[in-house]
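Written below as C-alpha cells is the structure these notes are about.
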Amino acid sequence: MASNNVAQFAAELKMPAGVLLEQLQAAGVQKASEDDALSETDKARLLDHLRKSHGATDGDKRKITLTRKHTSEIKQSDATGKARTIQVEVRKKRTFVKRDDVAEGADQGQAQVAEADDDAELKRREEEARREAELLEKQAQELRERQERLEREEAERRAREEAAEAERRRAEEEAATKRAAAEAAAAQQQAAAQQAAAEQEATPTQSAQDEARAAAERAAQREAAKKAEDAAREAADKARAEQEEISKRRAAAEAEARAIREMMNTPRKAVVKAVEPPKPVEPPKPAEAKGTLHKPAKPEGAQARPAVKKPAGAAAPATTQAPAGAGDRNKKPGAGKGGWQDDAAKRRGIKTRGDSSGGVDRGWRGGPKGRGRHQDSSTFQAPTEPIVREVHVPETVSVADLAHKMSIKASEVIKVMMKMGQMVTINQVLDQETAMIIVEELGHRAVAAKLDDPEALLVEGESGTDAEQLPRPPVVTVMGHVDHGKTSLLDHIRRAKVAAGEAGGITQHIGAYHVDTPRGVITFLDTPGHEAFTAMRARGAKATDIVVLVVAADDGVMPQTKEAIAHAKAGGVPIVVAINKIDKPEANPDRVKQELVAEGVVPEEYGGDSPFVPVSAKTGAGIDDLLENVLLQAEVLELKAPVEAPAKGIVIEAKLDKGKGPVATILVQSGTLNRGDIVLAGTAYGRVRAMLDENGKPTKEAGPSIPVEIQGLSEVPGAGEEVIVLPDERKAREIALFRQGKFRDVKLAKQQAAKLESMLEQMGEGEVQNLPLIIKADVQGSQEALVQSLLKLSTDEVRVQIVHSAVGGISENDVNLATASKAVIIGFNTRADAQARKLAEANGIDIRYYNIIYDAVDEVKAAMSGMLAPEKREVITGMVEVRQVFKVPKIGTVAGCMVTDGIVKRSSSVRVLRNNVVIFTGELESLKRFKDDVKEVKQGFECGMSVKNFNDVTEGDQFEVFEVTEVARTL
C-alpha cells in the first residue's frame, strides 16, 4: 500500500520514524511529527539528498558489487579410516565500476585505490601466513637443534663418565701397585731388621740409621697411598656432580620442549602475536590430602601412583609435522594451497598410543562431542589416580540415585552395603548419614546437600513485611493441677458454664476464649491439668504471653503444678499465681506460698516478681484483683503486633468433623486473618471457607490474639503447627507437598535403619506379649495424650503396640486394619458408623468407647494385667510330726503321725524336715486314719502317711504340708 505519512514510510523502509524525520529535515522537508503527510515530491527530495550525501552526482549507478557463493562437497577419511562428507563453501566478491569520459580520471583513481586496497589486504594476509609459517619453522628448527644439543651433551657426558671410570681404575691400579711395593719393602725391611739385630752388638750405630731410613720410607709409602685414594674419590665426586648437572639441564630442556609442543598444538588465530620464550614447566604439586567425617585422609605415599613418562624423542615425529599446515587452518579456502588436503595429511600422521587424532589438534570440531579439545596429544599421560568426585547427598536418596551421582553401577553400592551387613535393592531409600558413609567408603568426598527448599521463600517473604506495630490483647494461659479449679475460675470470668459440659468434670481439650473486660480484651487458653496432657500444656505455654498458675489452697503444689512452672520458665513467660478455693475451711495460703518458693516462684511480698492473688471461683472473690494483675503484666510487656499484614498464628487444636471436614482452632498471633485467605499449616493447606469464633458465631476477620475456628483445610493439621497466610494456592500446595514428601522419606529411611535393631531387641527379650490398639479420637490433642499415656503402660512382659492413631470417626478401614492386626479399637469421644459396626460384629472386633481418659487408661491396664503370667505362691496348710515308723511289705515305709498344726489334705505337697533341715520335697502317696483312706486330717488327730518315692523316714521327722496357688498379677 502507498505510504501517505512519515510513520508508514518509515515502516516501509524498516527504519525508526525518528531517524527518518531527521533525514527529512536535513533534506529540507519540514515535518514535525510521524503523522504528517508525505508526498512524492518530498520523497524525491529526500532521495536526492541521500544520493548527494553518499557521493553520487546523478541518478546513474557508477559501481556494482557482485557476490557469488559456491557450495561443494568432498569426501575425506578421518583418523579412524571412516569416510566423512565435508561441506566446502567458496565466497567471491567483485566490484565493477562504470567509467565516464568526464569523470574517467577520478573513477580510475578510485578503482586503483580499491585495487590497491585489495592487493594490500591480500599481501598482508600472505605476509601474516608467511610469518606464521616462518615462526613455526623456526620453533621446529630450535626444537631440533635443542634435541641435537641434548644428544651431543649426552654423548659427551658418557665420554666423560668413561674417562672418569678409566681414571678411577688407573688410580686404583697405581694404589694397588704402590701398596704391593710397600708391602715388599716392608718385608725386606723386616728381614734386614732381623739381620741387623744379629749384628747389633757389633755395629749399634749403623742399625739405628737403618731403622730411621726404613721408618721414613714407610711413612712416604703411606702418604702416597692416601693421596691416590683422595684423587680417586675427588674424580668420582666430580663425575657425579657433572652427571647431576647434565640431568638438570636435560630435564629443563625437556620441559621447554614440552611447552613448545603444547603451544604449537593449541588452536592458532590469524593475528600473530609476539611469542615469548617458553618457561620451564614445573611438575604439578600433589593435591593436599584432606580427611572427611567418616574416613581419614590417606597416607602421603598412597596418594597417587607415579606417572608413566614417555621419552622426549618419541614426540618429535608428530611435532615436526605441525608447521606444515599450521597457517592454513585460519586461511580462507581460496587463499592457501590445498588447505583441506594438508589437513587430511596431518590427520593421517603418526599416531601415539593415547592419541586417536594422528598427533594433531583437531580444533573445536576435531572429534565427536568435543573430545580432544585443547589437549596435549603429543605425549601419553597415564592415569595417575582414581577420580575423586564431590557427591552432594540429600536427606534421603535411593541406591540407584546415589550410584548415579558417583558415576558407578548400582551393583557396586549394593556390594558395599552387603559388606557393611545390610541387604538393599536399587529402589531402597537411604538416610543421609548412611549414604555419606557409603560415598566415603567408595573413595569419594561426601557433602551434605542443601535442598532447594521452597520454605526458604517463606523466610524471604517475612523479611519484606514492614507493617505498623499496634498494641494487641495479651494471651493468658491458665495452668495447674487437675481439679484445682482452672476451668471454674475461667468460667466465672466468662460468666458461662464450661466446666459442667466437660466429661467427668475435667478438661480434656485446650479451650481458647477472648473476654471483654472493662479494662480491655484478654484472650484465655484453658489447658488440661491431667498428667496425660503434657504436650497440650507445652503448646499452651508456647503460644502465651502470661501464665496464670492456679493452685488449690487446700491441696498445695502437686506434680502437674511443678510441670506447669517448668513450662512457663522454659518459655520465659511471667507467672501470676491464683491461690484458689480460699473459701474452704481447710485452706492454707501460707503453706502454698512456701511450697511455691521452694519451686522457684517467689511472691512480690517476699521480694520476687510473681504476684500472688487469693481467689475463689465459687464466690468470685479476688477475680477483679487477678484481672488487674494480668493487665498490669501485659502493660509492662508492651505487647504489639502488625494488624495490616498477612496473618500468622498457631494451631491450638484440630479435629475431623464428619460434615465440615478438617477443622482447626487457631490463635492469630500477628496480622489479620480474613475469610477466603489461603493458609498453610504444616502439611495441610487450603482456603478459609468458614470462620467461627469461640461461641460458634460466624466472623469475617480475626486480628492478633483472637482465637477462631477455620474450615477448608486439605487435612487435619498437627496441633502446635504454625499457620501462615500465603498469596496464592499454588505456592501453598508446593510447600505442603514438599513437607509431606520430606516427612515420608525421612520416616521411611528411619524405619529401614531401625529394622535390624528392633529385630535384635525382640530376639534378646524372648517372649513378649503385645497388646495391639487402634486409637481414634475427636481432636488431635486428645489423641496425642491418649497415645502417650497408653505407651507408658508398657512393661518388659507386656507391650502396648499402637497400630494406628488418627482423628475422626471409626470407619470400615479401621475395622479392616484391626482384623488384620488383631487389634482392639478404642474410640475417644467418637463413634463407629453403621457399616463399621456391622463389619466389626462379623469379624469379632472389640470396639470400646470412652469419654474420660482415666477410664481408657484403667481398662487397658486391666487388659494388660490379664495378659501377665500368673504368680505362683506357696501356702503352708499344716505341720505333722512322725511318732512311729512301720515297714509294710509291697508298700514301703508308713509313718504314724500326729497333726500338730493346720490341716493335711491328700492332694497337698510335702517337705520332709529332719532337724529343721529340708531333706526331701514331694507328694503324699496315701493318707489313712486307722485302715480307712481319708481326704483330710485336722489338727490334733493321728494318721498314717506315706510319701511318694521316699522311704527313709525316721521317728522325730517333721512333714511340712503346703499347697501351690496361682495369683493373678497386676501392673
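A Cβ is built for glycine as well, from the same backbone N, Cα and C atoms used for every other residue.
What Swiss-Prot records for 48-86 (among others) is region 'Disordered'.
Sequence annotations record features per position, and here Swiss-Prot assigns compositional bias 'Basic and acidic residues' to 48-63 (among others).
Annotation source Swiss-Prot lists region 'Disordered' at 101-381 (among others).
Annotation comment: Swiss-Prot describes 105-114 (among others) as compositional bias 'Low complexity'.
Annotated compositional bias 'Basic and acidic residues' per Swiss-Prot: 121-181 (among others), in sequence order.
Positions annotated as compositional bias 'Low complexity' by Swiss-Prot: 182-203 (among others).
As annotated by Swiss-Prot, compositional bias 'Basic and acidic residues' applies to 210-261 (among others).
The feature compositional bias 'Low complexity' is assigned by Swiss-Prot to 304-326 (among others).
If you look up Swiss-Prot, you'll see 480-487, 526-530, 580-583 marked as GTP binding site. Around the Cβ of LYS486 (GTP binding site), a 10 Å sphere holds 30 further Cβ atoms from the protein chains shown.
Sequence annotations record features per position, and here Swiss-Prot assigns region 'G1' to 480-487.
In the predicted model, the region 'G2' (505-509) shows an average pLDDT of 48. The region 'G2' annotation in Swiss-Prot covers 505-509.
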Binding-site residues: GLY480, ASP483, THR527, ILE582 - member with fewest neighbouring CB atoms within 10 Å: ASP483
Residue counts (helix, strand, coil, in that order) that DSSP gives for the compositional bias 'Basic and acidic residues' (121-181): 61 helix, 0 strand, 0 coil
